[in-house]
There are 2 protein chains.
Amino acid sequence: MVKYPSGSSAAYRKAAEEPKIRKKYTHRENVNFSDRGMNLEQMINESNKFYRIKEIAVVHKKPTPIQIVKVDYPKRSRAVIKEAYFRQESTTDYNGVYQGYYLDFEAKETKNKTNFPLKNFHEHQIIHLEQCLKQKGICFTIIGFTVLNRYFVTPASKIIEAWWDKDKSSVTLKEVEKWSIEIKSGFQPTLPYLKAVDHFIADRKLNNGK
Amino acid sequence: MVKYPSGSSAAYRKAAEEPKIRKKYTHRENVNFSDRGMNLEQMINESNKFYRIKEIAVVHKKPTPIQIVKVDYPKRSRAVIKEAYFRQESTTDYNGVYQGYYLDFEAKETKNKTNFPLKNFHEHQIIHLEQCLKQKGICFTIIGFTVLNRYFVTPASKIIEAWWDKDKSSVTLKEVEKWSIEIKSGFQPTLPYLKAVDHFIADRKLNNGK
């Protein structure tokens, strides 16, 4: 018997009912009602919830690391953090497990239409992806060209290589297209990125990588 | 070329030099100088740093999830969080990747000498471990009997079963001994828990589980 953390299941049911209402606002042919104005992070979080509830994969976004300095404990109410600072992250934002495989990825979006600036990825994220690749994790990035409503799942190795290239400050949309598996945003899940992961796993099996 | 996040490598060298100083304070035979008065979380964090630097595994403790309400941005200094609250966690504290395997675990310590109270594990942790087991992750707990200086790596399945058993409020040390692989605290790494993971992987291969 699996009991879901309180709220998850209800929240999921609520999400499932939403498109019935939203559908009537779809007035342009190329507008995908399913992403409902969500940003990339929200799309991935919703997809992860869907994958978790359906027992397809367990992937979570990591919380932002905070250095807590001062906490008040008011009587009869919960603790209030009164002074804290953002800490440097040392990993990517997302990791989890899918059919025995370790997944690790970072997601970034841009309003650009023709290229993706590499400064969006930070050194600690690149290094973490390198470390996880050495441990045979399935590592990738999800790049969203939001104005184009196009989403790409790119093997981390390609982004790492471009990132360390001193002559490169961005990768072109053409490069991203060549290296990646494009994922169409949909309804359930909002961003079915595991379709791309299935390709990576199939490639790995072909190459006898595992 | 791997560049470590700033500080890690230096911090590691610093730790490596420490025992030379510490050794002379070891005056009781059963005192293990190597754990240096660390609690279980510190021992695991040090071990993870060692495993990461040696490129043996990539395991991190997840940050505590915080709901941020108010942030000040003082001129010429970094942002200060002025109001925030602790949020309910939805996973265990640790996860990562080791030789292609997904690792997920929770660590708890007790001052008891004969039993470990199951209330130390929370429902969301038990459910998360169940979900990860279904995805073929290698899931376990690290239980420290601190007064005894004994540390056990226990397959999550055993703890999950005991946790759901309404007649059980704790597990005995004898049960923990029977179910677990005991890990001796050492110097590098402080708590070599991957030795136990190697056993779990070997068992899995025997049972053709992967």
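Even glycines carry a Cβ here, placed using N, Cα and C.
Within A:Glu83, A:Glu106, the residue that TrEMBL lists together with A:Thr91, A:Asp93, A:Gln125 for binding Mg(2+) is A:Glu106. Within 10 Å of the C-beta atom of A:Gln125 (Mg(2+) binding site) sit 24 other C-beta atoms, taking all shown protein chains into account.
Cβ environment of A:Lys108 (site 'Transition state stabilizer'): A:Leu40, A:Phe116, A:Asn120, A:Phe121, A:Thr141, A:Ile142, A:Ile143, A:Gly144 lie under 8 Å away, each six or more residues apart in the same chain.
Within the same chain, the residues at least 6 positions away from A:Asp93 (Mg(2+) binding site) whose Cβ sits under 8 Å from its Cβ are A:Glu41, A:Lys61, A:Lys62, A:Phe105, A:Glu106, A:Ala107, listed in sequence order. For A:Thr91 (Mg(2+) binding site), the Cβ neighbour count at a 10 Å cut-off comes to 23, with all displayed protein chains included. A:Glu106 (Mg(2+) binding site) is surrounded by 22 other CB atoms, counting those within 10 A of its CB over all protein chains shown.
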